[in-house]
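> As annotated in TrEMBL:
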type     : residues                              : note
ACT_SITE : Cys49                                 : active site, nucleophile
ACT_SITE : Tyr180                                : active site, proton donor/acceptor
BINDING  : Trp82, Arg114, Tyr115, Thr116, Val117 : glutathione binding site
DOMAIN   : 157-281                               : domain 'GST C-terminal'
REGION   : 305-326                               : region 'Disordered'
SITE     : Tyr238                                : site 'Lowers pKa of active site Cys'
SITE     : Tyr281                                : site 'Lowers pKa of active site Cys'
Amino acid sequence: MAAQFTQETSARGEWVRQANHFTDRITAEGGSGFPVEPGRYRLIVSLACPWAHRSVIVRRLLGLEDVLSLGIVDPLRDERGWRFTLDPEGRDPVTGLSFLSEAYLKGDPEFAGRYTVPAVVDLRTGSVVTNDYPQISLDLSTEWTRFHRPGAPSLYPPELRADIDEVNAVVFNDINNGVYKCGFATSQQAYERSFEALFARLDEMSRRLESRRYLVGEHITEADVRLFTTLARFDAAYHGHFKCNRYKLTEMPTLWAYARDLFQTPGFGDTVDFEHIKRHYYGTHPQINPNGIVPVGPDLSGWSTPHGREVLGGSPFGDGTPPPAQ
Ligand SMILES: N[C@@H](CCC(=O)N[C@@H](CS)C(=O)NCC(=O)O)C(=O)O
């Protein structure tokens, strides 16, 4: 595993994320060869993974559970990658996979990168269609509309797309991926540069959220989903494991209230699994936590305390309704 990270580290000790390899899109029109079709695809995720978590939240907010099934891997990988050891006999009951790598190699026998989640598998062929996580969640919003539940929110409305894309770009670079750049840096300088950029951007988002309840517009959008998945992992993993420790989330009042507000919104907190998060991060990167000890803390009880952000106006679902309780 260490060798894989070396491949993704620049000469200056900066961590560089690999490109997504499977970029076919599942579309309403089906021109890609992969039409939206109920029951045809399976979304494979780790509940620990922030990139996969986006699609889990969006799937639930839009009510796509019955048309796009969900496979969950063990939070701990072995040398063969993600595995289905949480399922009976170690096999995903729908795809029959024991390892996610089987679906990657079926899609491309020459594939030599990391086998990552989220991945969408075509049940007709058993191959990965896409591991392109930014596109997966957007396509659930824009291509799967025929199957959205009544009252589903509009997470990527055309009139807000430019603003959402703009926020997403900086949040990705300095926050979503920024915590990884801190954690996987192999030089002091690279770590410090990423650390400064991360907290400068968190400060900027915090100022933006002082007077508005959501990042863009008056209700939840894809931009909130993407920031939330990193904030939900901040104190449980990134503060300690990735050395993102200028402040804890709980010490940044506006962001902490914003994160709690989302956490208490159906579709967000009910998709967070802190146990998977902690076990995955602390147990998976021997180059930064060689003994694999998983911390007992932090105390998570604060997540359900009042956030007071209703006074800012807005409403989470706009004209829509929350997804029913699970
Ligand atoms: N597909 C993207 C992002 C998804 C991603 O990094 N997922 C992580 C979990 S959070 C993963 O599956 N890692 C597997 C590995 O590194 O072997 C990438 O390759 O960078």
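Residue 1 is the first one shown; counting continues down the chain.
Cβ atoms are placed via backbone N, Cα and C, with glycine included.
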> Under an 8 Å Cβ to Cβ limit, what residues of the same chain, 6 or more beyond the ends of the region 'Disordered' (305-326), are close to it?
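Answer is 60-61, 63, 149-154, 211-214, 217-220, 257-258, 260-261, 264-267, 270.
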> Could you tally the C-beta atoms, other than its own, that fall within 10 angstroms of the C-beta of Tyr115 (glutathione binding site)?
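I get 22 for this one.
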> Cα-Cα, whole number of Å: Tyr238 (site 'Lowers pKa of active site Cys') versus the residue listed as 'active site, proton donor/acceptor'?
8
> Given Arg114 (glutathione binding site) and Tyr180 (active site, proton donor/acceptor), what distance in Å do their CA atoms have, once rounded to a whole number?
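Checking the Cα atoms of Arg114 (glutathione binding site) and Tyr180 (active site, proton donor/acceptor) gives a distance of 16 Å.
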> Within 10 Å of Val117 (glutathione binding site) (Cα-Cα), which of the recorded positions Cys49, Tyr180, Tyr281?
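Candidates kept after distance check: Cys49.
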> In this structure, which of the recorded positions Tyr180, Tyr238 has the fewest other Cβ atoms within 10 Å of its Cβ?
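Among the recorded positions Tyr180, Tyr238, the lowest count of other Cβ atoms within 10 Å belongs to Tyr180.
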> Which of the recorded positions Tyr180, Tyr238, Tyr281 have a Cβ less than 6 Å from any atom of ligand 1?
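Among the recorded positions listed, not one has its Cβ under 6 Å from ligand 1.
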> How many of the residues that make up the region 'Disordered' (305-326) does DSSP mark as helix, as strand and as coil?
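Across the region 'Disordered' (305-326), the residues distribute as 4 helix, 0 strand, 18 coil.
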> So which one is it: of the recorded positions Trp82, Tyr281, which has the fewest other Cβ atoms within 10 Å?
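It is Tyr281 that, of the recorded positions Trp82, Tyr281, has the fewest other Cβ atoms within 10 Å.
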> Using DSSP and collapsing to three states, where does Tyr115 (glutathione binding site) fall: helix, strand or coil?
coil
